[in-house]
Structures are given as C-alpha cells and as structure tokens.
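Trainee: Below is the structure I would like to discuss, written out as structure tokens.
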Amino acid sequence: MGFVKVVKNKAYFKRYQVKFRRRREGKTDYYARKRLVIQDKNKYNTPKYRMIVRVTNRDIICQIAYARIEGDMIVCAAYAHELPKYGVKVGLTNYAAAYCTGLLLARRLLNRFGMDKIYEGQVEVTGDEYNVESIDGQPGAFTCYLDAGLARTTTGNKVFGALKGAVDGGLSIPHSTKRFPGYDSESKEFNAEVHRKHIMGQNVADYMRYLMEEDEDAYKKQFSQYIKNNVTPDMMEEMYKKAHAAIRENPVYEKKPKREVKKKRWNRPKMSLAQKKDRVAQKKASFLRAQERAAES
C-alpha cells in the first residue's frame, strides 16, 4: 500500500484521542512501565516493588516504590545530596556516588523493616557478581526490579552503579554483569577489578592524575571543588571505604528541624469596634479644637 495522506476533517478531530499526559511530556515510557508494574495474578494484594533510579545534573535519586490506582507509593528514598553526611563531599553524580546512594537506600529500607541484621549483603567491595538469597526460617529477601526510566541502559551507566550498591546492601534485584563497567562485549568476559575501581572512584582519580601532569589549568577548572575540599587522588579509595562503613553504621534519615518563619504583614490589620469608636472620638475632638481655634482668631 502506498502513502496515504491523513485527511484532517471534522471526523478526524472528533475521534482524536490524546496520549497520556506523561507520554505527551516525554517523561514516562508506558510500554516499560506496564511490564514493571503489573503483578502476577496469583499474588493478589502483594505489591510489586520497583527500585527507581534517576540521575539529574547535581543529584542521584533512588527510591523503592509500588503502584496503586491513586499513584505510586514511595516506601523509601535516598539521595546523593545526603552523602556529605557520610564523608563524600564531592563528585555526587559519578559512578561511585551512585553506588553509595544505592547502598544507602538498601540499608535504610532493611533497617526500617528490621531486616538489616538478617541480610548484611556484601560488606567487602569486590565488584564481582553477588546475589542475595532468602535465609530459611527468616523473612524472605526483599525483592524489587530496576526502573531505569528513559535512561539509556548502556554498559557502565550510573543506574547500574546504584543497582550494584543496592544488591551489595542486601536487596534482591534480578540482574547480570553485562551492564557493569568491566564487561567486554567482544570476549563476553567480565573483569570485576575494573568494576571495583569504578565503585572506589579510581577512574576519577586516574583522570585527576592525568590532568595534573598534562594540563594544570584544566585540572583546576574541572576539579575546583576537589581542590577546595582538599581531596587528592590518593585519598579517594579510603574516602569511599569510610563512606560505605558509615552508611552501614547509621543509614537512618534524620529529619531537619522545622524552620521558624516569622510572618510579615503587608497590609493594615482590621480595627476592632472599640478602636473604631475611639478613632471617631479622636476625630470629633480634633474637629472641635480646630473650630474653637478658628472662632478665637
């Protein structure tokens, strides 16, 4: 069949159906969402949990959510902007920060459900494949599925750094090593040491050393915050090791104290009846005084 021109007549516009709002805005892939959200029909009221990972310009957002008719319910959330509390003050959107955010999410969630002592996850970071398995006689491992949104799921994407952090933190998330840094698509082999380097920020440290030797100005420009916070390439691994330990020690979110706001009033408040009567009396007295002065003169 050849090219058929769409005739936009009255019937076309009468029967036109707009797409979902978030599809029109280019925010949600409903083809993927349908498959992530729909639960098995023999599980009835059991929610299907998703690990949502979104990378913005200055932050990494990790959430555990499940879908309801009214909208998605967020069970737990962790953000990269919380990492300065654990000793990571710079590079809050790199692969190592994504791993830390995923780890924080997992430990916080398990702590909330009282499962943090049962499922410790992988304490020693190796970068190798690790899967959480349910322990007999204990509650089953918390299972969820990665929701990468509209991100391109290429090998080495930061989304998978957050996933690895969550798995090492004790969550059961189906995955393979094919999308981790260190996987070679030609030889079909996975090098765990390369992945570990990314988790420990060694790829950034190597680039810092390279720039320091090759172009001092570019180094000062690109790593200005590292210089300001006295973070050198040799400190990187120790910094992330301490952060991982600190996250495991205390993953609980601390609520900020509510800021007292003093309300400002821009218009005059209404007067009470007594104030109005007093004002009238004052005006009367003022008027009478003026009359007396006029009579005297």
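FYI, residue positions are counted from 1 along the chain as it appears here.
Note: Cβ is positioned from N, Cα and C throughout, glycine not excepted.
According to Swiss-Prot, the feature compositional bias 'Basic residues' maps to 258-268. Here Swiss-Prot flags Lys220 as SUMO1 cross-link, drawing on similarity to another entry. Sequence annotations record features per position, and here Swiss-Prot assigns SUMO2 cross-link to Lys220 based on similarity to another entry. What Swiss-Prot records for Gly2 is N-acetylglycine. Per Swiss-Prot, the feature N6-acetyllysine maps to Lys5, Lys48, Lys220; the stated evidence is similarity to another entry. Among the features that Swiss-Prot reports, phosphoserine is placed at Ser185, Ser272, with the record citing similarity to another entry. According to Swiss-Prot, the phosphothreonine annotation covers Thr232, on the basis of similarity to another entry. Annotation comment: Swiss-Prot describes 253-297 as region 'Disordered'.
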Trainee: By a Cβ-Cβ criterion of under 8 Å, what residues six or more beyond either terminus of the region 'Disordered' (253-297) are in contact with it?
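Mentor: Hits for the region 'Disordered' (253-297): 82, 108.
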Trainee: How long is the line from the C-alpha of Lys220 (SUMO1 cross-link) to the C-alpha of Gly2 (N-acetylglycine), rounded to the nearest angstrom?
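Mentor: Here the two Cα atoms lie 60 Å apart.
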Trainee: Could you check which of the modified residues Lys48, Ser185, Thr232, Ser272 is the closest Cα neighbour of Gly2 (N-acetylglycine)?
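Mentor: When the Cα distances are compared, Ser185 comes out closest.
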Trainee: Around Lys220 (SUMO1 cross-link), how many other C-beta atoms are within 10 angstroms of its C-beta?
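Mentor: Excluding its own Cβ, Lys220 (SUMO1 cross-link) sees 13 Cβ atoms within 10 Å.
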Trainee: For Lys220 (SUMO1 cross-link), just give me the three-state DSSP call.
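Mentor: For Lys220 (SUMO1 cross-link) - judged by DSSP and reduced to three states - the answer is helix.
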Trainee: Measuring Cα to Cα, how many angstrom lie between Lys48 (N6-acetyllysine) and the residue listed as 'phosphothreonine'?
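Mentor: About 43 Å separate the Cα atoms of these two residues.
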